[in-house]
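Remarks on the structure that follows.
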């Protein structure tokens, strides 16, 4: 399942009303969704990833929806689709997208969510709203904590036993995928923690997960952020669109938590519930985190960081079906 399609970071004033909405969902007809999205018109497309595309739509009653259209059909995809719909139908949380229903006709598999009127976090950081800084620092902190709470809730539903599941069908966006999932197809809570760590670094810096250094070389955001974090150079780490308007201790918290979550070594990543406490300001936990060897300018730290991330060339990228970042 795609990590970023499960939670909503930017709900604004709508969040207070989220819990009051009718939680019922239903089966949509393909014709109904075709009409709502203008036959999945390109102008209605909100985004695209390894799972497929998401379209904006409007139903006959005027309500707005987001429709996730799966890219391809197969027996395995059918199982994954069924599991996803079943889980989403049971999960309700203020920081998770609300399921409106689904459609399964012929080889079409579509999942219908409530539409985020304020768009997604990534659209504000890198998309049509990225030129203007709509996200001040207090709002970014609220997003970080709210998203962490939503994902922790999601993980308890999806990985209740903490088990690792193996799949041969890797889907997602390069830069957010944990190495063990991208290379070996091992999906676990740790994979979601890794993805969230990358998102935290994006939230703090405004940078994309992968920076193109040349036509064939890409640098992960962790390689850029770690040396600056060791130097405590938060002014360089901060999104320039903030114009210096941030709380340094909170910036430090987001960056350090992001980096430890995005460690390439799964055993070094914190549990998502610990991430929530760290972001909320647990002083004891954060003191222990700050003392981690990875944040020290020592030979041991350099060795750990070398294991944790590396500049990637095109021929090192995983061979599985992965939707690359668009630049």
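Just so it is clear, glycine is given a Cβ too, placed from its N, Cα and C backbone atoms.
Residues annotated as domain 'Protein kinase' in TrEMBL: 40-287.
Marked as ATP binding site by TrEMBL: 68. Taking all protein chains in view, 22 other C-beta atoms sit within 10 angstroms of the C-beta of residue 68 (ATP binding site).
Annotation comment: TrEMBL describes 300-327 as region 'Disordered'.
What TrEMBL lists as compositional bias 'Basic and acidic residues' is 313-327.
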Across the domain 'Protein kinase' (40-287), average pLDDT on the 0 to 100 scale: 82
